[in-house]
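**Student:** Got these off Swiss-Prot a minute ago, pasting:
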- 6-35: FAD binding site (BINDING)
- HIS475: active site, proton acceptor (ACT_SITE)
Amino acid sequence: MQREYDYIIIGAGSAGNVLAARLTEDPGVSVLLLEAGGPDYRLDFRTQMPAALAFPLQGRRYNWAYETEPEPHMDNRRMECGRGKGLGGSSLINGMCYIRGNALDFDHWAKRPGLEDWGYRDVLPYFRKAETRDIGANDYHGGEGPVSVATPKNDNNVLFQAMVDAGVQAGYPRTDDLNGYQQEGFGPMDRTVTPQGRRASTARGYLDMAKPRDSLHIVTHATTDRILFAGKRAVGVHYLVGNSSEGIDAHARREVLVCAGAIASPQLLQRSGVGAPDLLRALDVQLVHDLPGVGQNLQDHLEVYMQYACTKPVSLYPALQWWNQPAIGAEWLFAGTGTGASNQFEAGGFIRTREEFDWPNIQYHFLPVAINYNGSNAVKEHGFQAHVGSMRTPSRGRVHARSRDPRQHPSILFNYQSTDQDWQEFRDAIRITREIIAQPALDPYRGREISPSADCKTDAELDAFVRARAETAYHPSCSCAMGTDDMAVVDGQGRVHGMEGLRVIDASIMPRIITGNLNATTIMIAEKIVDRIRGRAPLPRSTADYYVAGDAPVRR
């Protein structure tokens, strides 16, 4: 087997697959793509059927199933931190919500020294390059990219439109495209689903395009033990296949590209000798480079589920009954349509809770059934729910490798809800949600409040509910942040500071978490940086307009 390549990519996820496909477009460029998980089996409904999105989170085949340390502000709960394992990474198990973030997220990135070319108009062309939207291209959307994006259709569940209308009746804006001119407001939510009703992971979009090339070598069940260095230059990797303890060395002529995600990328750097000296000393790892920001600045989105009974039999509750599932599965399998072909997050919104926020600080996902995201605790009646959570928490956490063993999970602490702002935002969010649900648009459907329940009212009661019941939105990020400050890990091209031939390219390099789901932005980051790796000129900046709230009131 060939053991020398131009590039070695660690992690076949949302970013790694983009790099593998784009780098091998160039003749004569060889790539080794290492993935610790297995293939993305196309006949496994658990990952391929959009409506089955809870299933991969319940097992270990496709999910690393990390857990946090006891979270001190969350009743010391050990909280889930699911991450994708297998070709596609977290795009193989995520909720398929296609949300890019707010334009001002990127404009604020670009205000940081060294990140001047990460403004919204710089990144929008790369969002478009990656996308094929089912209703065609425009100034904001692409029509020729590897990622299939489906838009909600008029014949979907009546509760979606009712919830959007209720948000507008409560005084918030309506938007026809959460990824278009104006993110702020309520409207339909796009999803990464193919025209055939299948999950559009990066394995399907990018790897399918690249697999026929002889220059791409993919190894699954390959756990990267450590990066190999000659001085300060990354020259290869040492990896293990399956349960073997016998490692394999592979050498990179040009670069090693770390795309293992916001949990595993910093863990790998630390195990390889790049990180804070005190931590490496405790792990008995020889210091290659002192970089204290590795694993710091960890951020996530937290959310609560506001659940309501539905007084009409229009929710998806019947789809949870086993006797209805064969028909749903058959329609999806043979026609690619029906309940199974949607992730059921077809409406949502972004709002500002207070005038002090320049762009939305709260996100909504609407779901026409009352159930936990991971499929647990389904309410045994017709119901619906709003997932609501804050977007740019000031709380910061960290990821630390526990040992040199690549198969041991790292120590993860998000430090959720560690600031006063966190608590104020969740109190506001719960109270605003109740105002929205009380609007006339939901009069035909609204039953009692199931969770947290109508008698949960005071600040103390709401805080107790958040501590006991809030869950991750599965958006870990920022643990190898881009920038030039002392705690930055990479520059604006993903190059690890102080090193040669080594980049990190995934959600970990976001300097600050974005307003929304992370998958689309992670793909964009990879598309943008791979142009630089290939020596290509950046795509021309967009000239598209975008909404800035300015002095506009939070609600009418």
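From the backbone N, Cα and C atoms, a Cβ is placed for every residue, glycine too.
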**Student:** Where's the emptiest Cβ shell within 10 Å among the binding-site residues SER14, SER30?
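**Tutor:** Checked SER14, SER30; of these binding-site residues, fewest Cβ neighbours within 10 Å: SER30.
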**Student:** Across all chains shown, how many C-beta atoms besides its own are within 10 angstroms of the C-beta of HIS475 (active site, proton acceptor)?
**Tutor:** 24
**Student:** Can you tell me how far the Cα of LEU34 (FAD binding site) sits from the Cα of the residue listed as 'active site, proton acceptor', in Å?
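**Tutor:** Their Cα atoms are separated by 23 Å.
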**Student:** If H, G and I count as helix, E and B as strand, and all else as coil, what does DSSP give for ARG22 (FAD binding site)?
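**Tutor:** DSSP call for ARG22 (FAD binding site): helix.
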**Student:** Comparing the binding-site residues ASP6, ASP26, which residue's C-beta has the most other C-beta atoms within 10 angstroms in this structure?
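**Tutor:** That would be ASP6, with the highest Cβ count within 10 Å.
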**Student:** With DSSP assignments reduced to helix, strand and coil, which class does ILE10 (FAD binding site) get?
**Tutor:** strand
**Student:** How many other Cβ atoms are found within 10 Å of the Cβ atom of LEU34 (FAD binding site), counting all protein chains shown?
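**Tutor:** Around the Cβ of LEU34 (FAD binding site), 25 other Cβ atoms lie within 10 Å.
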**Student:** Rounded to an integer, what is the Cα-Cα distance in Å between ASP26 (FAD binding site) and HIS475 (active site, proton acceptor)?
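**Tutor:** Cα of ASP26 (FAD binding site) to Cα of HIS475 (active site, proton acceptor) measures 32 Å after rounding.
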**Student:** Who sits close to ILE10 (FAD binding site): which same-chain residues at least 6 apart have their Cβ under 8 Å from its Cβ?
**Tutor:** GLY16, LEU34, THR224, VAL237, VAL256, LEU257, VAL258, CYS259, ALA260, LEU268
**Student:** Express the distance between the Cα positions of ARG22 (FAD binding site) and the residue listed as 'active site, proton acceptor' as a whole number of Å.
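**Tutor:** Between the alpha carbons of ARG22 (FAD binding site) and the residue listed as 'active site, proton acceptor' there are 25 Å.
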**Student:** Round to a whole number and give the Cα-to-Cα distance in Å for the pair HIS475 (active site, proton acceptor) and SER14 (FAD binding site).
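**Tutor:** Given the Cα positions, HIS475 (active site, proton acceptor) is 13 Å from SER14 (FAD binding site).
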**Student:** Sequence gap of 6 or more, C-beta under 8 Å: which same-chain residues meet both conditions with respect to VAL18 (FAD binding site)?
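**Tutor:** The answer is ALA130, THR202, TYR206, ILE523, ALA526, GLU527, VAL530.
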